[in-house]
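Engineer: If you scroll down you'll find the structure; I have some questions about it.
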Amino acid sequence: MLPSQPLLHAAVFALAALQALASDTFTAAVYEHAVILPDATDEPVSPDDALALMNKNMDVLEGAIKEAAQQGAHIIVTPEDGIYGWRFTRETIYPYLEDIPDPAVNWIPCTDPTRFAPAPVQERLSCMARNNSIYVVANIGDKKPCNSSDAGCPSDGRYQYNTDVVFDLEGKLVARYHKYNLFMPETQFDYPKEPEAVTFETPFGKFGIFTCFDILFREPAVVLVSELQVDTVLFPTAWMNVLPFLTAVEFHSAWAMGMGVNFLAANTHYTSMSMTGSGIYAPDGARTYYYNMKTEDGRLLIAELDSHPRLSPASPPAVNWSLYALSVERFSPNDHDFRGRIFYDWFTFTEVTKSEGNLTVCQKDLCCHLSYKVAGKREDEVYVLGAFDGLHVVEGQYYLQICTLLKCKTTDLNTCGQPVETAQTKFEMFSLSGTFGTNYVFPEVLYSGVQLAPGEFEVLNDGRLISKTRPTKPVVTVTLFGRWYEKD
């Protein structure tokens, strides 16, 4: 006699759990999704039309989820805005929202869809997870009614939140996170009253979750890693690339290294807004990543990770980010420093004029030291060493300390700091360090064509970012991106 469907599913679930428990590794997937966007409108569409649009996107996501599960993935992360896009006002997004309960209610929408208010999106996501025995991470919108007794209640009588949800192998809702640090255009959403630090346990480690712009702030990002000690961070994002330091792949890879955790970043793919760049990152570098501004295709990425990276022999040692830089005297004092702007921040630069040598540039309390050797000095490319120590105030307010070796756009020093994607100069070696006042420093090496350099550099425990071997590709930037959360 054949087993019943519930018994069969329970057996599959138990087997998957045992397999995960038996291993110190797990297989992760992220999907970069070319989102099908709604038509721009000032009037709300009907709930049926909203669901039809979301189902089109979920059709694509379901295909990626099935493929990931077939390749052995235990968890898949999909992007921020991946189910309905971003062309909304507060009123026009409302038909796309669902009431998402606290996961403490112990709910499997796939098997009990009518327990709460109609929730067809949660039901379908739950069934995707359950039918494929894979954790599914998605970004949707939550709505919560409120009234005049709540002083913060919006005039329309509801809160609207940019929300991540996680469904486990059975399809149970195990995590719900409301984005705390909203990006400037997100006027359709409300801020939660308090930042949320959302974690959940799996057979393959402790997970935390936050969304996009959250990564640049202490809460919840640092709280999850430094205080709650998660092993892996899940990161739905709609990241608009900003060279030279904030392209998705370089910053997300650097963040994983600097924080010592696994990082699963799923970006939307929309090149007209410079949205691309997803990856699966470990503390010792990128396991796989994708950056493509030439096509409009989505991409599924799959890689194996250590379940508990801090316990891994490959886990980098603790770093004292200022130890070396504070122990040496300034290299090559010069009178030729100049100012240049990167993403509205005024850096102090000094030109790299020789084929090899040592340089120092300082701004306020930050001095950046560079030792380098160029394979062949080119007359048509100029590099500078730069330092920034101050408050960034454009799309948010946060303190930065940055040391960077970067290629200028042209040989005109006035172009230093402007976006550059390609280079031809190869370095024999480099070593970059700085007198940082923060322990939160993220090491970046970006090669020509917005390519990472996995395995080709390392950070010593005295705070030096050095090339391990001769770099195989021309260098665009070498950067230590310091985020001084304590000063916020």
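From the backbone N, Cα and C atoms, a Cβ is placed for every residue, glycine too.
Copying in the features that TrEMBL gives for the protein in this structure:
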type: SIGNAL; residues: 1-22; note: signal peptide
type: DOMAIN; residues: 31-307; note: domain 'CN hydrolase'
type: ACT_SITE; residues: Glu80; note: active site, proton acceptor
type: ACT_SITE; residues: Lys179; note: active site, proton donor
type: ACT_SITE; residues: Cys212; note: active site, nucleophile
Engineer: If one measures from the C-alpha of the residue listed as 'active site, proton acceptor' to the C-alpha of Lys179 (active site, proton donor), what distance in angstrom results, rounded to a whole number?
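Structural biologist: About 10 Å separate the Cα atoms of these two residues.
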Engineer: Can you give me the Cα-Cα distance between Cys212 (active site, nucleophile) and the residue listed as 'active site, proton donor' in Å, rounded to a whole number?
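Structural biologist: Cα-Cα distance, Cys212 (active site, nucleophile) to the residue listed as 'active site, proton donor': 9 Å.
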Engineer: Measuring CB to CB from the residue listed as 'active site, proton donor', give everything in the same chain under 8 Å that is also at least six residues away in sequence.
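Structural biologist: Non-local contacts for the residue listed as 'active site, proton donor': Tyr161, Asn162, Thr163, Asp164, Glu186, Phe189, Pro192, Phe210, Thr211, Cys212, Phe213, Asp214.
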Engineer: Among all the protein chains here, how many other CB atoms are within 10 A of the CB of Cys212 (active site, nucleophile)?
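Structural biologist: Taking all protein chains shown, Cys212 (active site, nucleophile) has 26 Cβ neighbours within 10 Å.
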Engineer: Run through the Cβ atoms and count how many others sit within 10 Å of the one on the residue listed as 'active site, proton acceptor'.
Structural biologist: 26
